[in-house]
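Accompanying notes for the structure given below.
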Amino acid sequence: GLFVTDYFTRTPRKLSPFRSFASIELFHFHIPEDTVIAVWNLITFKEQGGTFGDQCPDRSITVYFRSGAPSVINPLHTHFPRDTAVPGSFALTLTWTLPNRTTGVFNVTSPLPGDWFLAAHLPKDEGKISVKGLYEECQYLFQPQLIVQRLVNIAVLYPGHVTEQSMAPHNRSCLYKVFVPSYTSRVLVEVLRCRGAEGCPLWLRVRAKAPPLHNSTTLDCREHAPCQLAQDLPFWQHWYYVLVEKHPGVPGTISFQVTVQLTDCSRPSLARPPFLPSSASMNMPHSFGSAGGLALGDSPPSSNPNDTKHPVPIPVTSHAGERCWPVRPTLRNELDTFSVHFYIFFGPNVSVPPDRPAVFVINLLPVLDSGGVLNLELRLNVSSLCGENVTVFGCLNHEVPLTSSDNTSVTCETESLAGFLLSVNATASLSRLRIPYPQTGSWYLSLRSLCATEHGFEPCTNVTAEVYLRAYLSPCINDCGIYGQCKLLRTNNYLYAACECKAGWNGWGCTDNAEAFSYGFQLLSTLLLCLSNVMFVPPVAIAVRSHYLLEAAVYIFTMFFSTFYHACDQPGIVVFCIMEYDVLQFCDFLGSLMSVWVTVIAMARLQPIVKQASVLYLLGAMLLSMALQMDRHGLWNLLGPSLFALGIMAVAWTARTIRRRHCYPPTWKRWAFYLCPGALIAAAAVLLYAFVETEENYFYIHSIWHLLIAGSVGFLLPPRAKPSRRLGPLPRRKGCGYQLCVNEQEELGLVDPAVASINSICTS
């Protein structure tokens, strides 16, 4: 055949340590139909400070692959919520082969067409809280690339027609495909008139959606005569691929015929007619994808020596499960992103008769609905059972309903079909099922009622059970509970939702309490972070006593907003917010930095130059507000104004030292008992904040930070300035025997200057 190669790539992204699914990097690819091989080239490299991170440690990178929807991963081995179905995925761990770069390759032979998702993350770290900009962090970048090779012009088989084929000696196999429409209960593939070798040395393989593999459904035509391969309950609205493969070591040319027969489950005794009047009757694409393909409604192509098609009568025998029942549609009501309700006509109460199942279909839109959670709820109306021991079973299957004629069977799986089982009875009248990140397409729910007896389940005689059915799509499971937050995430044009847990809770729905904080622990951490701000009361008293009223106001502002910010910032349920979180955070950060600013300016002793000091206070407030608005967690945006204030203090102290020819401050007691202890306490607080604080010890390390910063302010704040003895009352200036007096009311702007009193001029 003719192969076409396609290339796809994605932009490199920075990987993060795994905490929840919200911390992974998700990549979305689309694999076209008729793809025979897909190769993912996984490129990973390190960066540090804009250069290659040769000194960065090697950290393993885990990559997950899944077709149809994102992978539901659980690297921390946490517990999933009850009634949650966990779909499988394939995981791959990358190891480093070079100091700053590694490459991995992942091959998939005959991959399923459609959407494929890759999820990548780093291992969980110790949760250290690092100051942004303090040092260059190691970044691990991941870039996946996809190379696909697909076949073109695959021969199409038409139901009820024979295709003749000759396989030359240098050919190993022949590949065909046939489209299976809805309401098809059986696909029968048969190889006829095998000539050219003894015993028909051919293998017949059949697979849905993609070309067959070595482990696909296989039949050896040498051992079976006639060579017929049947597929019961095939997937609806999909291509089925047929591979006829020659045994190795067989010389010469082998000629054979291939035919396909589809059984219509709405008419189990009849095969589908060879030709239908329009493609809508068969829900079949107008284009088959092969050169000279036959569009429905056209006449069959002219015969040729190598490939002829003509009708052939094939007897159809009755098989179990060939009969299908009407499928009731559901009404889709979109409320919001990943918030969709599926309503049943004449529902939500559903009657399940004893003699046949009730089948419903739920259609999930491609790409749009795979990033949420599919929820299904069954509630049995016990009063409708009339005292009978009735159990209603529900089978949820993807792309084909499972309706077996064996009424005593309670399974929802076959050799080629997997499903989810739900059951309700008089004892357990409620059943739920949650499927995170469901595959898109049609989901079929089949409900049937069976009566429990001593010999197992048997069909009920005259009882129609009534079931309340609820199906809906939600962003997260139970909105992540009270200890989690449901986040809507985006990767390129793909949206998905995930829970971000807090207060030590884990799991897909934040329901795993193995490491959860107790209520007492949450209360203790909140009280420590809030009450540690009371340490600002002594600095406020010292500032008021020393007539530093502006500094005292700043300390009170800091104490107030730091207390209520930490009361609102708690991860658990012990939370109290008096304002919006963003406002409280801004005021807390501004108050902390303004406390440092005004303390250092006060230490500079700029009080004699009153106007310059006021300008510096106002300038500091404006600069700090600007820095916080730019980046509240940036190191130099916050450290710059503090260093500027220290520079002003150093200049002022140096000027006094030079003018007085003596070290300033002049007394050793001031250095020994105030400045040195205050500087040491402040340095210890900065070291704890920058290098020791982690997520686990945050509540007490940050409380110690509050205590140390407030204590250092009490030591560093200078004493009350003594009035200078050189400054006395200014002598009054007198004119020529007269003293010019100023009318106080006129000076204050209380009277009109034009009508000022003559008493403004006083006689000396």
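Just so you know, glycine gets a Cβ as well, placed from its N, Cα and C.
Those TrEMBL annotations? Automatic predictions, nothing curated.
Summarising the annotation, TrEMBL assigns region 'Disordered' to 293-315.
As a summary of secondary structure, the domain 'EGF-like' (499-510) carries 0 helix, 4 strand, 8 coil according to DSSP. According to TrEMBL, the domain 'EGF-like' annotation covers 499-510.
Per TrEMBL, transmembrane segment is recorded for 516-536 (among others).
If you look up TrEMBL, you'll see 548-567 (among others) marked as transmembrane segment.
Annotated transmembrane segment per TrEMBL: 573-597 (among others), in sequence order.
Taken from TrEMBL, the feature transmembrane segment applies to 609-628 (among others).
The transmembrane segment annotation in TrEMBL covers 634-655 (among others).
Positions annotated as transmembrane segment by TrEMBL: 671-692 (among others). If you look at the transmembrane segment (671-692), the same-chain residues 6 or more away from its ends with a CB under 8 A from one of its CBs are 131, 134, 665, 701-702, 704-705, 708-709, 711-716.
What TrEMBL records for 698-717 (among others) is transmembrane segment.
Of the two recorded stretches, the transmembrane segment (548-567) does not lie close to the transmembrane segment (634-655), with fewer than three CB pairs under 8 Å once pairs fewer than 6 apart in sequence are set aside.
Scored on C-beta pairs under 8 angstroms, the neighbour of the transmembrane segment (634-655) with the top count among 516-536, 573-597, 698-717 is 573-597. This prediction places the mean pLDDT of the domain 'EGF-like' (499-510) at 91.
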